[in-house]
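Enquirer: This structure is in structure tokens; I'll ask about it shortly.
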Amino acid sequence: MQSLNDHLASYLDRVESLETENQKLESKIWEHLEDWSHYFKTIEDLRAQIFANTVDNAHIVLQIDSAHLADDDFRVKYETELATCQSVESDIRGLRKVIEDTSVTRLQLKTEIETFKEELLLMKKNHEEEVKGLQAQIASSGLTVEVDASKS
């Protein structure tokens, strides 16, 4: 029985030493936690900054995407306007050719009109000479012919 008492006493001593050790460890843990408490505030601040930076980065990414889309839109608009400009320039070149051809035709027609006017004057002159010649023949033959015609 003495042996059991000795074992019990040694167990109780061991429990007491473990409890003492446990208290020391708990106090160290609390000291350690208390020492880290000021870091928790810093950590929270840093987390808030990280979140704010993440939100800012998301906004920047959206702005970049919007800029790319606007760039694409402007590129398409530029290409469309360039094609329209080239088409108009081509039309203008074609119309200048038409104007040039029309001017040449107008000059040719003007020349023809002048030629026809000269021809008409020559024909009128020849006609008058023929009429005078015929009137002279009639007068020399002794016939009298009266013409009632209005001059135009």
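Easy rule for this one: first residue shown is 1, then count along the chain.
Cβ from N, Cα, C; glycine included.
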Enquirer: Of the residue ranges 1-35, 71-105, which one carries the coiled coil annotation in TrEMBL?
Expert: 1-35
Enquirer: Across the coiled coil (1-35), what is the average pLDDT of the model, as a whole number?
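Expert: Residues in the coiled coil (1-35) carry a mean pLDDT of 86 in this prediction.
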